[in-house]
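> Dropping a structure here in structure tokens format, bear with me for questions.
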Amino acid sequence: MFFINIISLIIPILLAVAFLTLVERKVLGYMQLRKGPNIVGPYGLLQPIADAVKLFTKEPLRPLTSSMSMFILAPILALSLALTMWIPLPMPYPLINMNLGVLFMLAMSSLAVYSILWSGWASNSKYALIGALRAVAQTISYEVTLAIILLSVLLMNGSFTLSTLIITQEHMWLIFPAWPLAMMWFISTLAETNRAPFDLTEGESELVSGFNVEYAAGPFALFFLAEYANIIMMNILTTILFFGAFHNPFMPELYSINFTMKTLLLTICFLWIRASYPRFRYDQLMHLLWKNFLPLTLALCMWHVALPIITASIPPQT
């Protein structure tokens, strides 16, 4: 039975990811005054299926000088971790209701760094290695602010369980009392998922394609799926943390609809940002974090710790 539960979680995620690629190409197309994919199926709706068939039927080439085991393990690990991070997400009921769901998600996102590092190193290519090193530095750096922002939100929530955030936000979304944190969180999620304007790991102009330059066919598709699964997952987390969807226990499907709409809007924001902004320079990316975001998040975290103590109140759900 539990196996069926897992399958019923994984298949919709993979479908959502497949159609997100289509949405991205359509949105970018219309923003650049062109049509986007419109040949395969009505209005190009079957394009993701055609892409999947093409990628998985091609021969998976491997450079002769690459380290075979790591080269193959890296994309599998990337997708496995991307899917594992969905387990504690309340939609409105999680697959496993963990006591420390937030901590689990942070740990999993930290592990994702290894798949990037292995793929870059195992490819035995200069471009792949530079891309991997950039990705690792960027991901590890932005995880610092993500963790501090999460801590501040959890102080208002009063528990490490994500499900209790639904109850905390019954009267007011947390974006109102913590809007500077929400802004920094959104930008940090962009950097964490390697999206434009922080897509330095894939800098086409300088690094060909970044850490996955030597990958083709199936393994490349796995990296691609992992990246987009992470994008949707990060937007879901943003929705749960700051835009608590309305939840009526007698009609949980209303919650799911509300929650999906908010996640979709945030995902389209990601695509809009990609269409609008040029890529950051690497030093600007690091300065933004270590000199701007980190001091600000630390100050706001201290503020959120001090406020309940000063007003002698306790957070809900303790």
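Just so you know, glycine gets a Cβ as well, placed from its N, Cα and C.
So Swiss-Prot lists the following for this protein:
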TRANSMEM  2-22  transmembrane segment
TRANSMEM  70-90  transmembrane segment
TRANSMEM  100-120  transmembrane segment
TRANSMEM  147-167  transmembrane segment
TRANSMEM  171-191  transmembrane segment
TRANSMEM  223-243  transmembrane segment
TRANSMEM  253-273  transmembrane segment
TRANSMEM  294-314  transmembrane segment
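Could you place these features in context, so I can see how deep they sit and what lies close by?
Note on the transmembrane segment (2-22): residues 37, 44-45, 47-49, 51-52, 83, 86-87, 95, 224-225, 228-229, 231-232, 267 of its chain, located 6 or more positions outside it, place their CB under 8 angstroms from a CB of the stretch.
The list of residues near the transmembrane segment (70-90) in space but at least 6 beyond its ends in sequence, with Cβ under 8 angstroms from a Cβ of it, reads 9-10, 13, 62-63, 96-98, 101-102, 104-105, 108-109, 111-112, 114-116, 118-119, 121-123, 162-163, 165-166, 214-215, 219-220, 222-223, 225-227, 229-230, 233, 236-237, 240.
For the transmembrane segment (100-120), the list of distant contacts is 70-71, 73-75, 77-78, 81-82, 84-85, 87-88, 94, 128-133, 135-136, 139-140, 143, 146-147, 150, 154, 160-163, 192, 201, 211-212, 215, 223, 226, 230, 237: same-chain residues at least six beyond its ends, Cβ to Cβ under 8 Å.
Remote same-chain residues near the transmembrane segment (171-191) are listed as 138, 141-142, 145-146, 149, 152-153, 156, 165, 197-198, 234-235, 237-238, 241-244, 266, 269-270, 273, 285, 288-289, 293, 296-297, 300, 304 (criterion: CB distance under 8 Å, separation of at least six residues from the stretch ends).
Under 8 Å from some Cβ of the transmembrane segment (294-314) lie the Cβ atoms of residues 144-145, 148-149, 151-152, 155-156, 158, 178, 180-181, 184, all in the same chain and six or more residues away from its ends.
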> Taking residues 6+ outside the transmembrane segment (147-167), which of them lie with a CB under 8 Å of any CB in it?
88-90, 92-94, 97-103, 106, 174, 177-178, 181, 184-185, 188, 240-242, 244-245, 247, 255, 294, 297-298, 300-301, 304-305, 308, 314-318
